[in-house]
Amino acid sequence: MGAAGLLWAALWALLLPLVAADEGILHASGSGVPPVTKDYCIIYNSNWVSLPKTLDNATYRTLENLTSTVLCSSAEVPSGLMKDKAVVVMRGNCTFLEKARIAQSLGAKMLLIASKSRLSAISDNKTDFEDVTLPIALIRYNDIVDMQLVLGNEVNVTLYSPPLPEFDYSMVVIFVIAVFTVALGGYWSGVAELENLKAVASPGERETRWKKEENVTFTPVTVILFVVICCVMLVLLYFFYKWLVYVIISVFCLASATSLYNCLAALIGQIPFGQCRITCSNKTIEVRLIFLAIFCIAAAVIWAVFRNEDRWAWILQDILGVAFCLNFIKTLKMPNFKSCVILLGLLLLYDVFFVFITPFITKNGASIMVEVAAGPFGNSEKLPVVIRVPRLEHSASTLCDLPFSLLGFGDIIVPGLLVAYCRRFDVQTRSSSVYYISCTIAYAVGMVLTFIVLALMKMGQPALLYLVPCTLITSSLVAWRRKEMKKFWKGSNYQV
């Protein structure tokens, strides 16, 4: 798997959620006793209509399902069918406001426009239709079908738009997972470095250690090439997403199963029980490791089969994702601080360019990073390169494709490589973990700063924009204060 797995993991350096349009909630109620209710996502234009923030004193309308028509002409609907009702029609070719004028003239009190593609912002020139007063909202066609299946044919609906919560407690879980993974990955890398130093000091262990060594070292040239390939891969994903997404899913299954095996094997290796072995082709292997390999493969296969099951598949994805990040932070070695600066600096520029600059280049004015994050052209498959935690606060965003708080693997792995280098440098110089602890705390501070900006700006943030300066500046200050900058910059003399 090597650096190829990190290649696509680093593509995802964007912290979500995103708010791309005015989002609201359609509250639907069935005719049973007691009535069954369910909420659905809607997109509306706040410049055209102001929706209430709560359901208090909300006015309900009977829903008339006219998805067999696009309502581009009043002749498509029998007279009197819409009077005092909420009407749902298909999107079609005419504009939203043209549909609204027709619906209003026929007595409708609310217009819902069903779309089979991904929901997008509603925009038309309202000044040409000043006489239109009824609420207009865009809804998924699949939600209309679900509404009939769950609530029946007699449904009452109303619209409202609760304020977006300032903070969601799922962010606390994201924070704990990210800091834990970075800290543990850095510590594990330091343990491996200590074993390397012991192997160098003991000629009898050196050859055995070299055979077990699985680390990959990045040179400055390799770092630059790696970032260039990242850019190419992201552009390819943008144009060929519907094919490459399945390649990424396959790679994730293979890489995460291998990573989970390596992580659990390291733990099992510390347990002095159950070490019975079998011999095959002059090679011996512990039986417990065979069962461990089967377990890890089964976990990856189960996730692949049930990856779209929102109720519990996120737990398995997070476990596999944490193992993936831990394994790469431990395996991929940065030889010196100079390589760390080049890698983190270039990936920061990469992140900022594809989030903030590409909207000025693309035809639809959308960020390439955001489009790939959401799945271009309404693709339902998502890239499995994020830690996912269900959102705990109820809001329109919870319904509108964002029921989870997300953090990309790249936001863990990339700063984690610097933390791992700091830990190895501590081991090499016997500096009592001062670099490792300082860099880990700086990473935690960077995460908190990212969450604060996310809450203030109400939009997705490139987390590396805050993580990279915090970790690089802190590491530099520690090295400068200890008068070890030259050694820290060039790396320890220990290189085999």
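A Cβ is built for glycine as well, from the same backbone N, Cα and C atoms used for every other residue.
Per TrEMBL, the features are:
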SIGNAL    1-21  signal peptide
DOMAIN    78-143  domain 'PA'
TRANSMEM  169-188  transmembrane segment
TRANSMEM  216-240  transmembrane segment
TRANSMEM  246-268  transmembrane segment
TRANSMEM  289-306  transmembrane segment
TRANSMEM  312-329  transmembrane segment
TRANSMEM  341-361  transmembrane segment
TRANSMEM  402-422  transmembrane segment
TRANSMEM  434-457  transmembrane segment
TRANSMEM  463-480  transmembrane segment
Recorded stretch, among 246-268, 289-306, 312-329, 463-480, maximising Cβ pairs under 8 Å relative to the transmembrane segment (169-188): 312-329
In contact by Cβ distance (the transmembrane segment (341-361), the transmembrane segment (216-240); 3 or more pairs under 8 Å): yes
Stretch contact, the transmembrane segment (463-480) with the transmembrane segment (341-361), Cβ-Cβ under 8 Å, 3+ pairs: yes
Confidence summary for the domain 'PA' (78-143), mean pLDDT rounded: 85
DSSP helix/strand/coil residue counts for the domain 'PA' (78-143): 17 helix, 16 strand, 33 coil
